[in-house]
Amino acid sequence: MAQETNHSQVPMLCSTGCGFYGNPRTNGMCSVCYKEHLQRQNSSNGRISPPATSVSSLSESLPVQCTDGSVPEAQSALDSTSSSMQPSPVSNQSLLSESVASSQLDSTSVDKAVPETEDVQASVSDTAQQPSEEQSKSLEKPKQKKNRCFMCRKKVGLTGFECRCGNVYCGVHRYSDVHNCSYNYKADAAEKIRKENPVVVGEKIQKI
């Protein structure tokens with residue numbers, strides 16, 4: 001019995017390598033690549049292409065002739081190119097002189113910069129050695145808070161009463177008439193009233 005084999009058509013990819021499936025009707029290309037191919041052909045037909053085949057045929061038809069006389073000519077050409085590539089001694093001397101001049105300029109600039117930095121360091125050290133008045137004031141010890149009664153020398157701590165005369169008193173001697181306070185309450189009150197209640201005077205009548 002004859003065995004029948006069903007050959008299923010395997011889908012092939014586009015011949016341009018775009019990743020889509022191609023069609024044998026469009027020369028193995030997808031529809032997009034086939035349209036681009038047709039557009040390129042139409043545009044190339046409008047332009048005059050150079051006869052590349054004729055050039056290649058002429059190059060193949062002409063044999064390369066190499067004679068003994070052509071070898072020395074090539075050797076002389078190589079010698080001339082090598083001699084042109086070698087640097088001239090004049091150019092080397094000029095480069096050396098320029099490098100020496102640049103190094104001298106750098107050394108002089110460094111020498112100028114060194115004394116400037118020394119002056120700056122000296123000024124900074126002078127200012128650091130002279131303490132300012134504010135620092136000296138801040139270093140002073142703060143005054144100890146009085147914690148004893150000025151009259152009976154009883155230790156009051158936080159329960160003491162500070163009077164306007166500047167002393168601290170206990171609960172018994174806190175009144176001004178008890179400890180003979182030197183603060184003038186009357187003058188202070190009169191000054192306060194004078195500031196809060198200024199005298200209002202009307203304008204003088206100008207005679208015609």
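Cβ atoms here come from the backbone N, Cα and C positions, even for glycine.
Per Swiss-Prot, the feature zinc finger maps to 8-42 (among others); the stated evidence is sequence analysis. As a whole-number mean, the pLDDT of the zinc finger (8-42) in this prediction is 81.
Feature annotation from Swiss-Prot assigns Zn(2+) 1 binding site to CYS14, CYS18, CYS30, CYS33; the stated evidence is sequence analysis. For the recorded site, CYS30 (Zn(2+) 1 binding site), the DSSP three-state label reads coil. Residue environment of CYS30 (Zn(2+) 1 binding site) contains 19 other Cβ atoms, counted within 10 Å of its Cβ in all protein chains.
Residues or ranges marked as compositional bias 'Polar residues' by Swiss-Prot: 41-68 (among others).
If you look up Swiss-Prot, you'll see SER49 marked as phosphoserine.
Taken from Swiss-Prot, the feature compositional bias 'Low complexity' applies to 80-94.
Residues or ranges marked as compositional bias 'Polar residues' in Swiss-Prot: 95-110 (among others).
Swiss-Prot lists 120-133 (among others) with the feature compositional bias 'Polar residues'.
Annotation comment: Swiss-Prot describes 143-189 (among others) as zinc finger, evidence class sequence analysis.
When secondary structure is read from DSSP and collapsed to three states, CYS170 (Zn(2+) 2 binding site) falls in the coil class. Close to CYS170 (Zn(2+) 2 binding site) in the fold, though at least 6 residues off in sequence, lie CYS149, MET151, CYS152, LYS154, VAL156, THR159, GLY160, PHE161, each with a CB less than 8 Å from its CB. What Swiss-Prot records for CYS149, CYS152, CYS170, HIS173 is Zn(2+) 2 binding site.
Cβ contacts within 10 Å of CYS165 (Zn(2+) 3 binding site), excluding its own Cβ and spanning all protein chains shown: 14. The Zn(2+) 3 binding site annotation in Swiss-Prot covers CYS163, CYS165, HIS179, CYS181.
Long-range Cβ contacts of the zinc finger (8-42) within its own chain (Cβ-Cβ under 8 Å, at least 6 residues beyond either end) are absent. With CYS181 (Zn(2+) 3 binding site) as the anchor, the candidate binding-site residues are CYS30, CYS33, HIS173, and the one with the nearest CA is HIS173. Within the same chain, residues at least six positions away from HIS179 (Zn(2+) 3 binding site) with a Cβ under 8 Å of its Cβ are PHE150, MET151, CYS163, ASN167, TYR169, HIS173.
For CYS30 (Zn(2+) 1 binding site) paired with CYS165 (Zn(2+) 3 binding site), the C-alpha to C-alpha distance reads 109 Å.
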